[in-house]
């Protein structure tokens with residue numbers, strides 16, 4: 001079965017096509033219209049679709065899509081094989097749950113720490129038995145840079161620089177960069193160390209738009225051999241969820 005997988009985030013919508021577990025195509029859009037999906041539907045024999053959204057509103061193109069094929073809206077009642085111990089599942093972000101499902105599906109029978117870098121940075125742990133208890137949420141890379149500028153009178157808005165390797169800044173710009181980027185680096189290593197103590201046999205899965213950036217921050221760490229880059233982990237999780245939900 002060929003599946004159309006749609007992940008609606010805070011700023012971008014990602015659309016992918018899977019045939020069973022194989023990713024055939026993926027694109028991202030700032031806005032989706034009725035005709036946006038035509039090329040996917042025309043080029044692939046899509047049998048069903050799944051939509052995950054952080055937004056509550058249902059857009060017209062979603063209603064239109066439901067008239068063309070079998071459409072499932074992803075929510076926390078669709079477990080995808082995960083044993084969800086989250087105390088308030090109704091408040092759990094669909095992207096976090098989908099990423100955990102993706103981790104379990106890609107690395108079955110293994111302990112996985114999923115670190116997703118986007119608007120926020122999320123840390124979610126799923127053990128080898130598929131048990132998910134929750135995780136942590138902190139401000140994302142760009143959010144930190146924007147906050148430094150927004151909540152002060154004189155500090156400039158600067159952007160991330162993956163070539164910055166300094167321990168401290170020698171001017172205002174590099175001081176901000178050191179604080180933001182080294183702060184994230186130490187946060188990452190702190191969380192990883194904590195989970196490694198819980199279970200030394202642990203995959204560290206980096207996902208989201210900042211996954212490559214995070215990988216560079218960690219490339220010289222003792223954790224580097226355990227790192228796996230999965231930029232499409234949420235999409236893979238949604239695909240696994242729809243397959244388990246309908247099969």
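Using the three backbone atoms N, Cα and C, a Cβ is placed for every residue, glycine included.
Sequence annotations record features per position, and here TrEMBL assigns active site, proton acceptor to 95. Marked as ATP binding site by TrEMBL: 7, 8, 9, 10, 11, 12, 13, 14, 119. As annotated by TrEMBL, substrate binding site applies to 86, 93, 94, 95, 96, 172.
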Widest Cα pair spacing in Å over the listed ATP contacts 7, 8, 9, 10, 11, 12, 13, 14, 119 is 15
Please report the Cα separation of residue 94 (substrate binding site) and residue 119 (ATP binding site) in Å, rounded to an integer. 14
With the cut-off set at 10 Å between Cβ atoms, which of these binding-site residues ends up with the most neighbours? Options: 9, 93, 94. 94
Going by C-alpha positions, which of the recorded positions (93, 95, 96) is nearest residue 13 (ATP binding site)? 95
Out of 13, 119, 172, which of the binding-site residues is least crowded by other Cβ atoms within 10 Å? 172
Whole-number Å value for how far the residue listed as 'active site, proton acceptor' lies from residue 9 (ATP binding site) (Cα to Cα): 8
Can you tell which of the recorded positions 86, 93, 95, 172 lies nearest to residue 7 (ATP binding site) in space, using Cα positions? 95
Taking only the CA atoms, the spacing between residue 11 (ATP binding site) and residue 95 (active site, proton acceptor), expressed in whole angstrom, is 13
Could you tally the C-beta atoms, other than its own, that fall within 10 angstroms of the C-beta of residue 86 (substrate binding site)? 18
By the count of other Cβ atoms within 10 Å, pick out the sparsest of the binding-site residues 11, 96. 11
What three-state secondary structure does DSSP assign to residue 13 (ATP binding site)? strand
Sort residue 93 (substrate binding site) into helix, strand or coil using the DSSP assignment. coil
Whole-Å Cα distance, residue 86 (substrate binding site) to residue 119 (ATP binding site), is 22
